[in-house]
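Participant: The domain 'NADH:quinone oxidoreductase/Mrp antiporter transmembrane' annotation in TrEMBL covers B:130-437. Positions annotated as transmembrane segment by TrEMBL: B:12-33, B:40-61, B:111-127, B:133-153, B:207-226, B:247-269, B:289-309, B:318-338, B:344-366, B:386-409, B:424-447, B:468-488 (among others).
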Amino acid sequence: MNASYFLLILVFSPLVMLLLLLIVPKTERTFIQWFGMIGTLPSLLIALYGYSEVLHGSHLSDWSIKHSWIQFGNISYLQEQLFNIDFEMGANGLSMLMVLLTAVIASMAAIASFKIQKEWKGYTLLFFLLEAGMLGVFTSQNMILFFIFFEVTLIATFFLIGKWGGIARERASYAYLIYNGLGSAILLLVIVYLFVKTGTVNFEKLQFLLAGDGGEMASTISGVAKGWMLAAVLVAFGFKLPAFPLHRWMVKVHVEAPPSVVMLHSGVLLKMGAYGIIRFGLELFPDTFQKASVWILIAGVVNLLFGAFVAFVQTDLKKVLAYSSISHMGIVLLGLGAANEAGIQGAIFQTVSHGFISAFLFLLVGILVYRSNTTDIRKLGGLAKKMPKFSGFLLIAGLASLGLPGLSGFVSEFTAFLGVFEQWPIIGAVASLGVILTAVYVLKAVMDMSFGGLTPLKKTWFDLRKAEWVPAVCLTLMIVVMGVYPSIVSTAIQDSIQSILMGMGG
Amino acid sequence: MNESIMDEKWYLMTPEFIVLLAAVIISLLDLFLPKKVNRLVLGWLSVLAVLAGGIVLLLFSGVDSASILYGTFQLDAFAKAFKLILMIGVLLILLMSMHKGEENGSENVRGEYFYLLLTALLGAMMLSSSGDLITLFVGLELLAVSSYILAGIKKDDIRSNEAALKYVVNGGISTAITLFGMSYLYGVTGTTNLAKMGEALSGVYDSGLQLLLGISFLLILVGLAFKTATVPFHMWVADVYEGAPAAVTAFLSAVSKTAGFILLLRLLAGIFAAAPSKGLTSVSMLTDMRMYIAALAAAAMIIGTLGALRQRNIKRMLAYSSIVHGGYLLGAVASLSIFMMDTIWFYLLTYTLMTIGTFVIIQWVIMQTKSNDISGFAGLYQRSPWTAGTLGILLLSLAGIPGTAGFIAKLKIIMSLLVQDNSLWWLAIIMIVATVVSYVYYFGIFIQVFFRKEEQILKDRLSFGGKLALCIAVAATVLFGILPNIPLDYFQHYFGS
């Protein structure tokens, strides 16, 4: 079978499932729930297969699709090939890694979605739409296609939060929509500007043109314009990541959205921010990026420390985790800002690792909410007695989050800091404070919940059930494997990092 | 030359003749048919007429441009392309009016509703084909007068009366201003023929005449702001849209706006592009004046957006949103880029489809809830998931979300603004911000439709015509969003150049 079909199935099988589901009556609750779970499997299997190919040294160059799609303007008096947008999808090591992250978390979130209480059909439809959007984002080879999938995830998530979320769900979904919509709008301006100046939206071609080898076309883009575009890209994806002062919507979403959606949101959607900074920022404007690296590093430190401090004073587990996510995304910024091999590697590592860890944590939050209906740490305590297995997993996730050696969090933080210290030891030293703070707030939260003062426990507080074991064990495995055997990730992203460094002239 | 009137190539006017004939026949039928005969028959006759006219127009797509009656009537690529949008728009509006309800007038569906739509269409079609100021003006007024009556067609409804009155008064003022501007044009060039006018102007670079031309340009632009429902003549929009029956509102929002832009392009782009602003080698008058258009575009986007944010009345909200869309389109006009024509054409086509589609559902909801408040949409998803889904797609398209035609249309405008020089980058940014803010009011409807509980029980089903119109609108919106080259190629192939 032609490998390009794999790519098609990978991205579009959720959409096919969506269409199939349309004809199922909405009263068939059990069927829809199982269908929602099974529907994510084709993508998962192909993602696993694709990733194993990458690990075996395949470059996935035949995993690509290209069709002519949209032409703008009257071609006859423009050069051929100009103002064409092709339907181009493809995969490399980095995107395959992100695809794997997405596919795994989507399947796990689908299992966690069994706890959804109402309107299963609508939920599952949107869930499939969201998954297809995310997979499309990571496999798009041009900016317009990227943008289209990017917006699909925005719309799907808006509805998922607004309909199935907590009490203040509508406010949260509005905040999500407006902040991210603004980010997308800024991104669109950059895309259109590049498109009208160069006549193409293909990432590779743009990379080539902007590197200065493109002759006349590229020379029309000045250094100043590049600076503005990079700034715009950083702001646009800063909303998504989220970077400090653009983060406010994200806390609302983490608190209000249903836990299964937050698994996808914090596990994958936020990571699109990091992925976007790499694709639009690092790869297209490597020189400018390097010049701006101090500012990015400072933004990273601010994110890291701000998130950690605020997480420390929170009493609601969801908020602790939300601010912890902000803090951890600071490490991504730090790694990227370092703009050297170790730094970028660390940033990508952190992206993936935090994806799994935060998905894991929100899986546990979902389990907890289902039993206790609260995430207030002050009202929880002594969980270890009544729910020992749950507490065990919570501890693992917490330790991974604070970066215990042997778990994925450690590798990513270590590598990222390695990159920072190489060039900016002072910033690195300040940032290290964040790591200590992380240990403090994570341990505080986990300890309070597991071993703190006993709260009157109710009968409904049973320990993990069969269906809950599966995602918990899978995600633990991911975290441990990445921690013990980091080259499972670093092999895949080696090529991407090399090409970025080439662009920087290093 | 000794040409008789029969030597003219009258067949070029076949689409117009079909519409005219239908209007005459239907008005006579309405007069002579007994009262008990349901007037919906007349509606279906109108549908057939517009369909037939449209088919003839499509058959003409390959025909070279030609003009008759001493250049007063032209069938060029421009006319054909834009007439197509007008006919699609009126066809959909006729379809959505095919129901027994009081939206079209009183309890019994009224015949004049249908032939007024046809005469309005005829006016708009003449407008797009005219090569002379006189025919242009007559076409414009035929459209306008028909629209005035349509806005007030619900005789017993005080709001509808108010709408008609406001529309007439504002329309009269704007017509006067436009006409005043046109008189300068005639004075400077001594001709009413647009082609000759262009020739005459290309030789004019006397500084005194420049001033007169500039005044004429601004007067026409301001007058046309009424037809295109943009700033500064936007005050009527919300009141008239609110008071008029939903189908008429859809007509004003889509067809009337399209006609306004046709006029704008014919007059301003057609004539002033030929006039050099200072010397023979200098840039054209139009290029010189584009900043004024850009300023109006920006004002329309900002004022429309701010207005829409405050509305809870769905028709008023869409009225302000229509002002914003007018602003986007003016932005495309101001860009004067190589993409200008196809961008405006595609936007108008898309906008016609999605607006009318939206109004089909709005009409259906309003007829049952008897209220224009957006809370009437609460729980629509529970009651009728398919209708809610289609409304969702149309609103996403209006908001310009990717995957829909609205996105491609907006993308093209932003491209137009940036493609040649960067002097209008600020307009692109305003447009982007207006788009993001527009999420707030469009998604406000989503909140009602999908998240809220049903308040009023909607019982009636969508009429067959309404369903048909809705299906066409949604299918085209999605199809043109995913494969925009279907209409774009068609435009390039037959109308481009």
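Here the Cβ of each residue, glycine as well, is placed from N, Cα and C on the backbone.
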Participant: So, do the transmembrane segment (B:468-488) and the transmembrane segment (B:111-127) meet, by the test of 3 or more Cβ pairs under 8 Å (sequence gap 6 or more)?
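Facilitator: Taking Cβ pairs at least 6 residues apart, the transmembrane segment (B:111-127) and the transmembrane segment (B:468-488) are not in contact, as fewer than 3 fall under 8 Å.
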Participant: Any contact between the transmembrane segment (B:133-153) and the transmembrane segment (B:247-269), i.e. 3 or more CB pairs below 8 Å with pairs at least 6 residues apart?
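Facilitator: As far as Cβ distances go (cut-off 8 Å, pairs 6 or more apart), the transmembrane segment (B:133-153) and the transmembrane segment (B:247-269) touch.
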Participant: Most CB pairs under 8 Å with the transmembrane segment (B:424-447): which of B:40-61, B:111-127, B:289-309, B:318-338?
Facilitator: B:289-309
Participant: For the transmembrane segment (B:247-269), which recorded stretch in the set B:207-226, B:289-309, B:344-366 gives the largest number of Cβ pairs separated by under 8 Å?
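Facilitator: The stretch with the most contacts is B:344-366.
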Participant: Is it true that the transmembrane segment (B:12-33) and the transmembrane segment (B:207-226) have 3 or more CB pairs under 8 Å, sequence gap of 6 or more?
Facilitator: no
Participant: Can you find at least 3 Cβ pairs under 8 Å between the transmembrane segment (B:207-226) and the transmembrane segment (B:111-127), where each pair is 6 or more residues apart in sequence?
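Facilitator: Result for the transmembrane segment (B:207-226) with the transmembrane segment (B:111-127) is no.
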Participant: Can you tell me which parts of the same chain pack against the transmembrane segment (B:318-338), counting only residues 6+ beyond its ends and a CB-CB cutoff under 8 A?
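Facilitator: Tertiary neighbours of the transmembrane segment (B:318-338) are 228-231, 234, 237-238, 240-242, 249, 253, 257, 261, 264-265, 268-269, 286-287, 290-291, 293-294, 296-305, 307-308, 311, 344, 347-348, 351, 355, 358-359, 362, 398, 410, 412-413, 415-417, 419-420, 424, 427-428, 431, 434, 438, 441-442.
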Participant: Using a Cβ cut-off under 8 Å, which residues of the same chain at least 6 positions beyond either end of the transmembrane segment (B:111-127) come close to it?
Facilitator: 15-16, 19-20, 22-23, 26-27, 29-30, 33, 39, 42-43, 45-46, 49-50, 73, 83, 86-87, 90, 93-94, 97, 104-105, 135-136, 138-144, 146-147, 149-150, 153, 251, 255-256, 258-259, 262-263, 266
